[in-house]
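> Okay, here's the structure, questions in a sec.
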Amino acid sequence: MSSPKIVNGPGGYILQDVPHLIDYLPDLPTYQNPLKDNPAYSVVKQYFVDTEDTVPEKIIVHKDGPRGIHFRRAGPRQKVYFESDEVHACIVTCGGLCPGLNTVIREIVSSLSHMYGVKRILGIDGGYRGFYAKNTIPLTSKVVNDIHKRGGTILGTSRGGHDTKKIVDSIQERGINQVYIIGGDGTQRGASKIFEEIRKRGLKVAVIGIPKTIDNDIPVIDRSFGFDTAVEEAQRAINAAHVEAESNENGIGFVKLMGRHSGFIAMYATLASRDVDCCLIPESPFYLEGEGGLFEYIEKRLKEHGHMVIVLAEGAGQEMMTKSMETNTLEDASGNKVLKDVGLWLSQSIKDHFKKIKMVMNLKYIDPTYMIRAIPSNAADNVYCTLLAQSAVHGAMAGYTGYTSGLVHGRQTYIPFYRITEKQNSVVITDRMWARLLSSTNQPSFLGPKNISEQKKETHETPSPDGEICNGVVHIPPVTKEITNLTFQLLLLLHVSSESSWITDDASRRPTKFLEYAKSPEVFDWMVGIRRKLHENPELGFEEFETSKLIRSELDLMGVKYKYPVAVTGVVGYVGTGEPPFVALRADMDALPMQEDVEWEHKSKVPGKMHACGHDGHVAMLLGAAKILKEHHQDLQGTVVLIFQPAEEVFAGAKKMIEAGALKHVEAIFGIHLTNQVPLGKTASRAGSLLAGSGFFEAVITGKGGHAAIPHHTIDPVIAASSVVLSLQHLVSRETDPLDSKVVTVSKLHGGNAFNVIPDSITIGGTLRAFSGFSQLQERIKEVITKQATVNRCNASVNLKPNGKEPVPPTVNNMDLYKQFKNLVRDLLGEDSFVEVSPIMGGEDFSYFAEAIPGHFSFLGMQDETKSYASPHSSLYRVNEDALPYGAAMHASMAVRYLEDKASKGSDTPKDEL
């Protein structure tokens, strides 16, 4: 190996210089740099980098200290050692994939072609092995023009295959004189060997390395390309984990990221996210069991917040796995040790622990590793790749060789190979950046039990500043220790206070007592009677005058105050102190325009109208809850608002109720809907998106009618309507993320009345459903209809509120209310009584309430072993009246528990009596 080029200067100045071709070929001629005549550089104030310009490795120095190590600054030189026609360059990519590979390839080719006029550029296919396999790809500006928009590498890549002699033989045989090698630390070591062999043979060949490692573990340089993209893309995985964690009881979102020996991606992704509660990296050992261990921290975090997100670098915890599994000595083709999947092992260990302590926990494991590696680079990395590539080309043309092009303190430099390959970069856990992460996540330092016990003895050892290593022990900075200890104290205190509210027998037994009361013959028969009266006399939206009259009469008998009318026919009742906090319970009242086909004693007496969605049962259950609450009004620690809402089915009555002031002072709202999809005595719900946003559309497509035998004399709206129907399907199949559920259904199409007449117009109509992008979908529907009509020479008018049908937004359940509800259900109905449902494409205007304030909507089961209860909106729909007591008790229990919880924490509502 050749000796390093070291240049010493005054004041402790050291230049770790890179080799040059004239070091072993002293008689090489020089040429004027063609950039001097390049129009792109005509505006540059200084064309070329001064040969004496260097960049310091460390920019923080003391006034009396040495100037330290420097590297040669990258950039174009006045003199070059290659003529444009002489250059025969090649590019090779090695190792794993990384965002930005294609960008680097593109910019090397573009720089050689456009800046220096180089015509002969080869791509070596398949990594180092491609040199002696004689696989090449001719590269031109046209070939690489848009490859930066794609992930991966157009040249292909591989691990291993490095045979120095064969590679250099191939370079010599092909007449290649510039070799650009893109890869990680192992690849750069291979590049160094190639350089040494070329130097030994005395060849005029420049060997340039461009550092690529998604783990950011190459030393000296600020960062490697692709790192910013990886951190940014990791956010999507962390965000998904956070959503999963929040949406489940004691949810844990577990994300495994890249980082074999260095935890930079995990650390920076954690700092960027702010949703991560624990970051585990190879540099910071941790343990699972016992005081101060990972399991203890997870338990405390879940008890306090109900969810958490863990980010794990793939190299973390490997030493623990070797204790429980056989030692792994396998290596990949690059010589890297094949790591065991610590993510799967640790996630299973967490599950086993919680199963052992009999604590409910839902863990969702996400490994986005290969998704991140395969994406194109982001804007920041694209710019960085351009600088790396251009700097590499400038250096090669200037005769430098045996170096890596890299960024040091924001300046492009040329770094000798031996500095790049001497060690791996890693996170320094005694550095401030790791302390910043600990203060962000509030996770413990995970010192071992021995270290913890030693700290408790209050020894007189003084930690060194900034967490330096003293006597072999890592001392965490005092600030970090204080933050960690404070976090655990707060977690413990908050956990104790949160549990103490529900320890009393009365509180834990209250839901059961409510249910027993609702099931009593007197109350049950009363609710059934109300429900049957409503069923016999169904009323459509904003026509529920008799329904609201019945409700008011029952409230009067109970002595419950109310407001009427609210939004035409709505009723809003109040039970409790009349003071904050305020919580609402909601029931819808309207029927459907359908003919009932169920033959029974209390069949609908109004032709063409029936309660086919259970709203009669909803009213009966809420009135039952009002009776329970009134019986216990002296125990209420606030006010329960009873919302009897009109016009849910068509006219978005919830929106009108809000506009009329029904939610004044209300801080949260709960709603229940009967369902035949869940067994009697069980409930179903989910956190987050439960029901889709829903809307309707109707369009009239107008052309020019005429005889069917002479269609060329007409403008056929049937053809236009057919195109519209087909094109609307593409909005879901071709414009919607497959993981984002949307529905566009054309359910109505009306036209002419004769077989031989083309009509003047066609009317189509349908519905749309979506959990996100609802308004955008509406606009696209309108756009598709009008433009497809235009293509077929027709006109179209589109109505997104046909017959006054208001669209409704998605129903999204508040996480805290969801957890409260789930715990209540277990108290009321037992451990197995709760069903976690998937998102449903049906719509509900309860969403307006949940959009205005925190809300929770759930389904109450009524199906029995006969499976005889039909789905909603069926003419055969029936309500299992045995479900009514469950709904009444659930309504009342939710309200009471919410008020007690709010009272213990303090209400956000201003003091204002009704």
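Cβ coordinates are placed from backbone N, Cα and C, and glycine is handled just like the others.
Those TrEMBL annotations? Automatic predictions, nothing curated.
Feature list, courtesy of TrEMBL:
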{"type": "ACT_SITE", "residues": "ASP215", "note": "active site, proton acceptor"}
{"type": "BINDING", "residues": "GLY96, ARG159, GLY160, GLY184, ASP185, GLY186, THR187", "note": "ATP binding site"}
{"type": "BINDING", "residues": "ASP185", "note": "Mg(2+) binding site"}
{"type": "REGION", "residues": "446-466", "note": "region 'Disordered'"}
{"type": "SITE", "residues": "GLY186", "note": "site 'Important for substrate specificity'"}
> Could you measure the widest C-alpha to C-alpha distance across GLY96, ARG159, GLY160, GLY184, ASP185, GLY186, THR187, the residues recorded as binding ATP, and give it to a whole number of angstrom?
13
> Which entry in the list of recorded positions, ASP185, ASP215, has its Cβ near the fewest other Cβ atoms, using 10 Å as the limit?
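Relative to the other recorded positions in ASP185, ASP215, ASP185 has the fewest Cβ atoms within 10 Å.
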> If one looks at the chain holding THR187 (ATP binding site), which residues at least 6 apart in sequence have a CB under 8 angstroms from its CB?
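Those within reach of THR187 (ATP binding site), by Cβ under 8 Å and sequence separation of 6 or more, are CYS94, GLY95, TYR128, ILE181, GLY209, LYS212.
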> How many Å lie between the Cα of ARG159 (ATP binding site) and the Cα of ASP215 (active site, proton acceptor)?
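Just about 16 Å between their Cα atoms.
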> Including all protein chains shown, what's the count of other C-beta atoms within 10 A of the C-beta of GLY160 (ATP binding site)?
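GLY160 (ATP binding site): 18 neighbouring Cβ atoms within 10 Å.
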> Using the alpha carbons only, what distance in Å do you get between GLY186 (ATP binding site) and ASP215 (active site, proton acceptor) once rounded?
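Checking the Cα atoms of GLY186 (ATP binding site) and ASP215 (active site, proton acceptor) gives a distance of 13 Å.
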> Same chain only, sequence gap of 6 or more: which residues have a CB within under 8 Å of the CB of GLY184 (ATP binding site)?
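Once residues fewer than 6 apart are set aside, GLY184 (ATP binding site) is near CYS94, GLY95, GLY96, PRO211, LYS212, THR213, ASP215, ASP217, ILE218, SER224.
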> Measure from the Cβ of ARG159 (ATP binding site) and count the other Cβ atoms within 10 Å, all protein chains considered.
19
